[in-house]
Amino acid sequence: MNITNCKKLITLGAEFGWNIHSNNQIDILFSIKISGDHRAKWLAWGVNPGPHRPKMVGTRAIIGISQPNGTLAVRKYNITSDTRLGCRLQPSQDFDDVIVKTMKGDVQADKYMSIFATLILPPNPAAYNISKLNHVWQVGFEADDVHLEPKMHSTALQNVDSTETLNLNSGRGISIGHRRHHLRKVHGILNIVGWGTLLPLGVIIARYYRKYPFHCQKWKVLHVSCQIVGYSLGTAGWAIGLWLGHVSRHYSFHTHRILAMFIFAFTTLQMLALRLKPTESDDYRKYWDMYHHFLGYALLAAISVNIFNGIAILKPDKTWLWAYIGVLSVFAVIALGMEIFTWGKFISTKNRQVPTATATVSADNNAEAPQTSQGPGPPSEGPQANKTRIAN
């Protein structure tokens, strides 16, 4: 296409290229990679009038829809607020401000889909400025190829974050979604390390190193340290998640949010045990111990479920998923090995105690035998009673 400038966009594996002919005339080339398991039905690119940050509503879009014969039908579409409400999106004749001179599409099987166009922007620097051009892109997997009507795209974070303000002269872009993407990574790392790693480690220390099968004098210091550091990191990640949910007005992940609220509330309740737990002499201490232990195990299960849910939402590379699976696998192997050792030691100790107890009972019976084998007569009679009978 003889494109002189190009860059990889931050989401959807998309690439964008452009030529600048003048301050208001540009060529654009937008491409996405396709493969056997990632066959998009349509792709879209458009400009959004400034000076505010880019958004879907108001975009002058160029959309290419895949056809049964393997070609790409490219048309102009005006994205309005009705589109967000689910109304049908149909081709437009012309835009009120942006002029599109040339449009064409290209498809290379199992390689890429692309759309090319020449745009003449209106002489309005506040709305369309090549040094601060708002552009939006999208990919979808359903479309009516007869009426050239693209269907709703996914609402995953990558789709929502597909906007950028781009300086066509320097190639540098500013994206709110890109900044939030970094915060989402920090949110995930803090929660995986804090709630997903340190809290389970503290539970393992308390279960196996307090008294049985191993006794560590500093188990409580280690347990409390893991819980405090893990709780602090998890709470920081939770707070970042709250902020991300607050600024993301157009989408919400209800299951992830509800589980996060449950985890924070009851983990905070668990942490109050540092000051408010009953003493050893209190009558209800054993019931408090049962509640503390079972709530802790329930929280570990909820934390694991929510971390997997968060990874599914963020859709990072597979390293995140396999790293967390590795952490859980290590903990599972440690816990299983400790449980087997604990029960083996318990059974072995119990078997050694049974012969000892039997020998003790036999010795006691032998010691009492002479007192019970004195011949006939009442048990209370002895040598003095015999002397009394002879005297009589």
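A Cβ is built for glycine as well, from the same backbone N, Cα and C atoms used for every other residue.
Where the annotation comes from TrEMBL, it is an automatic prediction and has not been curated.
Features as listed in TrEMBL:
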BINDING   HIS187, HIS223, HIS256, HIS292  heme b binding site
COMPBIAS  358-369  compositional bias 'Polar residues'
DOMAIN    12-140  domain 'DOMON'
DOMAIN    149-347  domain 'Cytochrome b561'
REGION    358-392  region 'Disordered'
TRANSMEM  188-209  transmembrane segment
TRANSMEM  221-244  transmembrane segment
TRANSMEM  256-274  transmembrane segment
TRANSMEM  294-314  transmembrane segment
TRANSMEM  320-343  transmembrane segment
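Taking DSSP states H, G and I as helix and E and B as strand, the domain 'DOMON' (12-140) has 4 helix, 65 strand, 60 coil.
Around the Cβ of HIS256 (heme b binding site), 18 further Cβ atoms fall within 10 Å across all displayed protein chains. For the binding-site residues listed here (HIS187, HIS223, HIS292), the lowest count of other CB atoms within 10 A around the CB belongs to HIS292.
Residues 195, 199, 224, 227-228, 231, 234-235, 238, 241, 245, 292, 295-296, 298-299, 302-303, 305-306, 309-310, 313 of the same chain lie 6+ residues outside the transmembrane segment (256-274) yet bring a C-beta within less than 8 angstroms of a C-beta in it. Sequence-distant contacts of the transmembrane segment (294-314) (same chain, at least 6 residues past either end, Cβ-Cβ under 8 Å): 156-157, 184-185, 187-188, 191-192, 195-196, 199-200, 203, 253, 255-256, 259-260, 262-263, 266-267, 269-270, 320-321, 324, 328.
Cβ atoms under 8 Å from those of the transmembrane segment (320-343) belong to residues 188, 192, 196-197, 200-201, 204, 207-208, 212-213, 304, 307-308, 311, 314 of the same chain, restricted to positions at least 6 beyond its ends. Site extent for heme b: the farthest pair of Cα atoms among HIS187, HIS223, HIS256, HIS292 sits 28 Å apart.
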